[in-house]
Amino acid sequence: MKITEGRFRLSLLLLLLLISAATLISAADYSPTEKILLNCGGGASNLTDTDNRIWISDVKSKFLSSSSEDSKTSPALTQDPSVPEVPYMTARVFRSPFTYTFPVASGRKFVRLYFYPNSYDGLNATNSLFSVSFGPYTLLKNFSASQTAEALTYAFIIKEFVVNVEGGTLNMTFTPESAPSNAYAFVNGIEVTSMPDMYSSTDGTLTMVGSSGSVTIDNSTALENVYRLNVGGNDISPSADTGLYRSWYDDQPYIFGAGLGIPETADPNMTIKYPTGTPTYVAPVDVYSTARSMGPTAQINLNYNLTWIFSIDSGFTYLVRLHFCEVSSNITKINQRVFTIYLNNQTAEPEADVIAWTSSNGVPFHKDYVVNPPEGNGQQDLWLALHPNPVNKPEYYDSLLNGVEIFKMNTSDGNLAGTNPIPGPQVTADPSKVLRPTTRKSKSNTAIIAGAASGAVVLALIIGFCVFGAYRRRKRGDYQPASDATSGWLPLSLYGNSHSAGSAKTNTTGSYASSLPSNLCRHFSFAEIKAATKNFDESRVLGVGGFGKVYRGEIDGGTTKVAIKRGNPMSEQGVHEFQTEIEMLSKLRHRHLVSLIGYCEENCEMILVYDYMAHGTMREHLYKTQNPSLPWKQRLEICIGAARGLHYLHTGAKHTIIHRDVKTTNILLDEKWVAKVSDFGLSKTGPTLDHTHVSTVVKGSFGYLDPEYFRRQQLTEKSDVYSFGVVLFEALCARPALNPTLAKEQVSLAEWAPYCYKKGMLDQIVDPYLKGKITPECFKKFAETAMKCVLDQGIERPSMGDVLWNLEFALQLQESAEENGKGVCGDMDMDEIKYDDGNCKGKNDKSSDVYEGNVTDSRSSGIDMSIGGRSLASEDSDGLTPSAVFSQIMNPKGR
């Protein structure tokens, strides 16, 4: 084949770029000298996991110090859809103490233990109760993987430790507890990897927050990683880390209150430059190229804190590592962005100025702090808050954070073991122990030896030939579709790969409690669907919608309940809506969005499989139902949950997503009454920064349809706000959005409720069940919020963030009044509620004299305030916990 000179030059250029890229990647990676991946209970052959890492079996392994007769190997009885096969489908089970011995060099090691609580060898998973020790250190004690998974709604658990090995041997002992008598221990996988000594501090510069004394972290200190977050960015999988195989997770699930701040991404022309003395393996480029700030409005920023809340074990000291990198090209000088860092309501850094630390933007920096939480039992909260420092009058009243790592430090007797979390609605999920695949492509973990340029050339040539061959096959039409005859996992690409995905904001808020990996969608065969629904038994019909019927089903041998939506060929909603639903939900994982498990497209069918929502729709509990009436606080919490889901759609994904069909039948309730937004068949990607709207054919549901959208056929996220305002009035009045049996002026709730509001008679159309159960302050705030949502002009409506904030505030007002013994009024005084004629100002409006909903406690607010005579500025406010101040809907059963 003749190649022109131009093509030859282009090929040569591509080759050089590939070699350069390979060299850069290898330079950024740490190369472990030891890497042991032990597949416990596995067969004789080695297996490869989803990150392309090879796991060796422990059967007849040299690492078995104890006799293999003292343990048994067993496969898991069942496999959750979210659980990878390697290393979780086999385990080694111990009924007496059992020791693994790993011959390794002296020095620091990452030790990761992998657990999938299931039935092994016929044993009950709840009877698994054991300790794990290494030398003088107790890593786990009285540990129940089953209880932990249930409490945190995880399918599987990863425990990561940092230990120091001396003497060339790492002995790890698993010991079943003495009680109950049938207790046993198990483990699915063990990872031992060498690491650089990157967390020690022996020079006296590390101090305890709130104290002047220094803290030493040396070889005698063992650590457990409890959180590792990529603030403002995506999840980062182990294969996309810097050779250390750490998992980094999205920070949004941990943000307190509605003050989410805004994600920032390094300017495209900015190169992240690690300073001399800072190894590039400290944190990936993707951590330093994304951040979260408070936003551009100084007035707002000065009235709240950007706050994260973490659940931790009491009785331990914690190492908190914060990662910083100025990502804005506009900030190049000292005193442009200065802020205060608080840890547990104590000042950790009075004047944090990233440029002062680094001398330039685009330069990574990290700083360590040690926190000693108050004494207590069980679990407590660790707070991290940022607030602008106005003392030196910086150019921007703002703050910035790129990454967070939190480690538990061993006690004086070598203990790292905390208590098992208690299942219940108050347990906060911790995704730092769940391995969730991301969209990033795996990169090689084997460092390229310096000087091996020929290896890079060969690699580049191989890649080039593969790409060329793939191109030729595509041209010839040689690609064959995968068979859809059996169930399998089909990757649905989210927003890109590798570093290009760094700015693509995917959230798994709450995603961490999902039953599925965030980037995989299961493909079911039609035979599986028929078996799950008992051949579409009509007695299993849960409901009928525009797309078709929804059936109750069971998959995976009856172990998992699901809802199965079967498309009706005669429905107006067809292939486009089917594809939209898959594309949208496969990209989104959030506590308040219904999870898509998979789909089926065989035999011209269009079938979607979702998580089962035990309590059905919100509407089923408001009117025309035999169900008991919902209490007011529960209605508020459901509205808050739905608002969180919509707020995430509008702001949390890479592009704004407009739902376009918000209504009470599309707000579903799980077994713990956690609200989840559903039905994305009509959803639309919203406008970019360069546009204010999307021109589209009008779609939606009558009674909820934004009149401005209907008139102008221009869709914005404010159309969802309008529809949600109707939902709020439905929750308050317990009547349909449209009721043609009523008088003409009362048919539309979106028109009748505002009319009653303006006339001061809204209390007269409130659900009679709620009379005497809503405090006047709460009623006023809720009514104002709903009213602003349904204003005629979209520009006058609040954002979903504002709506969420005000609903949280309304709930706070209700709870505060109840706790302080204030009475609730059957007849709310509507004369006190002044209609503002639509001239409402959002929290991004600098001219607003009052910041709607800026009420938090002292840990998320820059001001002291009180409600009902109780100060919220005090740490010890008569038991008024953060969960009492703001309903976070942090139910771990939410996914």
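Positions of Cβ are set from backbone N, Cα and C atoms, glycine also.
The active site, proton acceptor annotation in Swiss-Prot covers Asp661. Under DSSP, Asp661 (active site, proton acceptor) is assigned to coil, being neither helix nor strand in the three-state scheme.
DSSP classifies Leu542 (ATP binding site) as strand under the three-state reduction. Packing around Leu542 (ATP binding site) is summarised by its Cβ count: 16 other Cβ atoms lie within 10 angstroms of its Cβ, all protein chains included. Marked as ATP binding site by Swiss-Prot: Leu542, Gly543, Val544, Gly545, Gly546, Phe547, Gly548, Lys549, Val550, Lys565.
As annotated by Swiss-Prot, compositional bias 'Polar residues' applies to 884-895.
In sequence order, Asn39, Ile54, Trp55, Ile56, Ser57 make up the list of same-chain residues 6 or more apart from Asn46 (N-linked glycosylation site) whose Cβ falls under 8 Å from its Cβ. DSSP assigns Asn46 (N-linked glycosylation site) to coil, not to a helix or a strand. Under the heading N-linked glycosylation site, Swiss-Prot lists Asn46 (among others), citing sequence analysis as support.
Annotation source Swiss-Prot lists N-linked glycosylation site at Asn124 (among others). Annotation for Asn124 (N-linked glycosylation site): same-chain Cβ neighbours under 8 Å, separated by at least 6 residues, are Asn182. In the three-state DSSP scheme, Asn124 (N-linked glycosylation site) is classed as coil.
Taken from Swiss-Prot, the feature N-linked glycosylation site applies to Asn142 (among others). In the three-state DSSP assignment, the secondary structure recorded for Asn142 (N-linked glycosylation site) is strand.
The N-linked glycosylation site annotation in Swiss-Prot covers Asn171 (among others). Classification of Asn171 (N-linked glycosylation site) by DSSP places it within a strand.
Taking a C-beta cut-off of under 8 Å and a sequence gap of six or more, Asn219 (N-linked glycosylation site) has these contacts in its own chain: Arg108, Asn164, Glu166, Ser200. According to DSSP, Asn219 (N-linked glycosylation site) is assigned to coil rather than to any helix or strand. The N-linked glycosylation site annotation in Swiss-Prot covers Asn219 (among others), and the record cites sequence analysis as its basis.
According to Swiss-Prot, the feature N-linked glycosylation site maps to Asn269 (among others), an assignment based on sequence analysis. When secondary structure is read from DSSP and collapsed to three states, Asn269 (N-linked glycosylation site) falls in the coil class. For Asn269 (N-linked glycosylation site), the number of other Cβ atoms no farther than 10 Å from its own Cβ, over all displayed protein chains, is 7.
Cβ neighbour count for Asn305 (N-linked glycosylation site) (all protein chains, 10 Å cutoff from its Cβ): 29. Summarising the annotation, Swiss-Prot assigns N-linked glycosylation site to Asn305 (among others) and lists sequence analysis as the type of evidence.
Under the heading N-linked glycosylation site, Swiss-Prot lists Asn330 (among others), citing sequence analysis as support. The Cβ of Asn330 (N-linked glycosylation site) lies under 8 Å from the Cβ of Gln336, each of which sits 6+ residues away along the same chain.
Taken residue by residue with DSSP, Asn345 (N-linked glycosylation site) is part of neither helix nor strand, so it is coil. Taken from Swiss-Prot, the feature N-linked glycosylation site applies to Asn345 (among others), supported by sequence analysis.
Sequence-distant neighbours of Asn410 (N-linked glycosylation site) (same chain, six or more apart, CB under 8 Å from its CB) are Tyr137, Thr221, Ala222, Leu223, Leu416, listed in sequence order. As annotated by Swiss-Prot, N-linked glycosylation site applies to Asn410 (among others), with the evidence given as sequence analysis.
Taken from Swiss-Prot, the feature phosphoserine applies to Ser858 (among others), supported by experimental evidence.
Summarising the annotation, Swiss-Prot assigns phosphoserine to Ser866 (among others) and lists a large-scale study or a structure entry as the type of evidence.
Residues or ranges marked as phosphoserine in Swiss-Prot: Ser871 (among others).
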| message | Can you tell me whether DSSP puts Asn305 (N-linked glycosylation site) in helix, strand or coil? | response | coil
| field | Residue pair Val550 (ATP binding site), Asp661 (active site, proton acceptor) - Cα distance, angstrom, rounded | value | 18
| Proximal residue to Asn305 (N-linked glycosylation site) among recorded positions Asn269, Asn345, Val544, Gly548 (C-alpha distance) | Asn345
| query | So among the binding-site residues Val544, Val550, who's got the most Cβ atoms within 10 Å? | reply | Val550
| said: Could you check which of the recorded positions Asn142, Asn171, Asn345, Leu542, Gly548 is the closest Cα neighbour of Asp661 (active site, proton acceptor)? | reply: Gly548
| query | Under a criterion of Cβ-Cβ distance under 8 Å and sequence separation of at least 6, what residues of the same chain contact Asn142 (N-linked glycosylation site)? | reply | Leu129, Phe130, Ser131, Glu177, Ala417, Thr419, Asn420
| field | Candidate glycosylation sites Asn171, Asn269, Asn345, pick with smallest Cα gap to Leu542 (ATP binding site) | value | Asn345
| remark: Between the C-alpha atoms of Asn345 (N-linked glycosylation site) and Asn269 (N-linked glycosylation site), the distance in angstrom, to the nearest integer, is 38
